[in-house]
Amino acid sequence: MFICLGPSSADLDYHEIGRSISTLMSNPEFHGIAYRAEGRKELLSAINEFLDSSIVLPPGNWDRNSLLPFEDLKAKSDAIRRRQSRVALPKITADQKALLPEVIDEIIHVPVLGPVVRLKRHGDGDGWKKKDDPLRRTKIPFGGLYNDIKRRFPHYLSDFRDGIDGQCLAAAIFMYFAALSGAITFGGLMADKTNNLVGISETLIATSLSGIAFALLSGQPLVIVGATGPLLLFDESLYTFCLTADIDYLTMRVFIGIWLLIIALMVSFFEGSVLVKLFTRFTEEIFASLISLLYIVESVMKICKIYYKHPMMSLMSYAHEYCLAVNDTMPCSFTTVLSLVENSTVSPLLNTTARNFTTGLETALLEKANQNSNSSGHSNSTGMSTYFEPPVQNEPNTALFCTILALGTFFIAYYLRQFRNSKFLGRSARRALGDFGVPIAIVLMVGLDYFVPGVYTEKLKVPEGLSPSAPDVRGWIIPPTGLERSFPVWVGFASVVPALLVYILLFMETHISELI
């Protein structure tokens, strides 16, 4: 993509500049040099080379009969190119000379860049490709895997050395936050969908281990792996099916993992990865849209649940609920509520805000409940636990504050992303703010929640230390014979069906990420 920017008042025809660039890029030699150029000097040299190889007619009335035929012009141009190739031939390496009979079409000498080798065309592709196409079947078992290892092994140590460079630090931090936020988000969602059988702890550990293994052993180590939206839908459907069929969910998940390993080995054995060339841009955009849509839908559903659990009510409605919590026969009026508060020990602490009022009201009603329980022969502590353990619902300001946090996170991340293309600050500062917009938005909104302690907000339930999300139900090792009941043998073999479905999801997600 060529973008030309200039003042609107300049005496230039920007449309003609675009046409000139289109003419230049239509030339295969200039096209290849433009993609490899690293500065202005190389581009100018390529333009000069293009002009030297072109035949330009000055303005005027020309008789077509006095011009050389096109065949003669083409023959003269080919003669010039062959002469340049003979000059550049002694400068190529021995490895390039070995490729001459079957791969190299011709060698063109270009100033600054030196000899440029043009490869022969193979197949029906839309460009110049080498003969060893990675998406071509080798017709030998694990042939694609062998070619990947052969291609990546020479760069294995250099990948680690390049990663130590300071310029990679920002990218590493960005990838860390991208993987961490996804693992926490989908871990919390999975905990809700699977009744905490799979939660944040499991998702974090699985993302860490799979990320390390993928980075060390894969053909494209920069691809981020982890839980995604389609896998969340799969786990939710599998959990619902297991509840309906009275099957142990975690044990079935173990057998699905075993079948996934077997299917992956079979696909690699038969070089099934070559099917990735059938993926189109439409497939990539559908998957990207699906994942984005799942993020949006789950966020909106979470806000709706908060509004359902903590609806916006009037002050009298809160007072009525607290009256019923103490004594369902007490006449609940505003005068009754005020008298309860005034007779309590917290009346000097009250002010006109709704939160302070309800806090004082809660304490006053606790005292009233304790008095009633003591008069009934119960101890003070028993009365508190029996009569009033404040439920985490109908909290004032919670719904509105959570809406502010959600929208604030989105808008801060969005506008920081847009800020990357603005004209403020320097280029490095804009790029840093744009790349780390999401982490910055999360930190700012978490800080806002921390400095407003008077409003209740739900927090992620993460177990202390390295422990499962439901330690009372299971440990880290899931026995294949079943957790709470014996696992049917036929279900283990039938697990190949959901394993095949989830492998299709994983196959498409991973390869689409590699294509992008």
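Using the three backbone atoms N, Cα and C, a Cβ is placed for every residue, glycine included.
Listed features, source TrEMBL:
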- 1-63: domain 'Band 3 cytoplasmic' (DOMAIN)
- 141-516: domain 'Bicarbonate transporter-like transmembrane' (DOMAIN)
- 169-191: transmembrane segment (TRANSMEM)
- 212-234: transmembrane segment (TRANSMEM)
- 254-279: transmembrane segment (TRANSMEM)
- 286-308: transmembrane segment (TRANSMEM)
- 398-416: transmembrane segment (TRANSMEM)
- 436-456: transmembrane segment (TRANSMEM)
- 489-508: transmembrane segment (TRANSMEM)
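The transmembrane segment (254-279) makes contact with the transmembrane segment (489-508), as judged by at least three Cβ pairs under 8 Å among residues 6 or more apart in sequence. Ranked by Cβ pairs under 8 Å to the transmembrane segment (169-191), the stretches 286-308, 398-416, 436-456, 489-508 are led by 436-456. The highest tally of CB pairs under 8 A with the transmembrane segment (286-308), across 398-416, 436-456, 489-508, is held by 398-416. Across the domain 'Band 3 cytoplasmic' (1-63), the model assigns an average pLDDT of 74. Long-range neighbours of the transmembrane segment (489-508) within the same chain, counting only residues 6 or more positions beyond its ends whose Cβ lies under 8 Å from a Cβ of the stretch, are 230-231, 234, 238, 247, 252, 255-260, 263-264, 267, 272, 279, 283, 287, 480.
Remote same-chain residues near the transmembrane segment (436-456) are listed as 173-174, 177-178, 181, 310, 355, 392, 395-398, 401, 405, 408-410, 412-417, 419 (criterion: CB distance under 8 Å, separation of at least six residues from the stretch ends).
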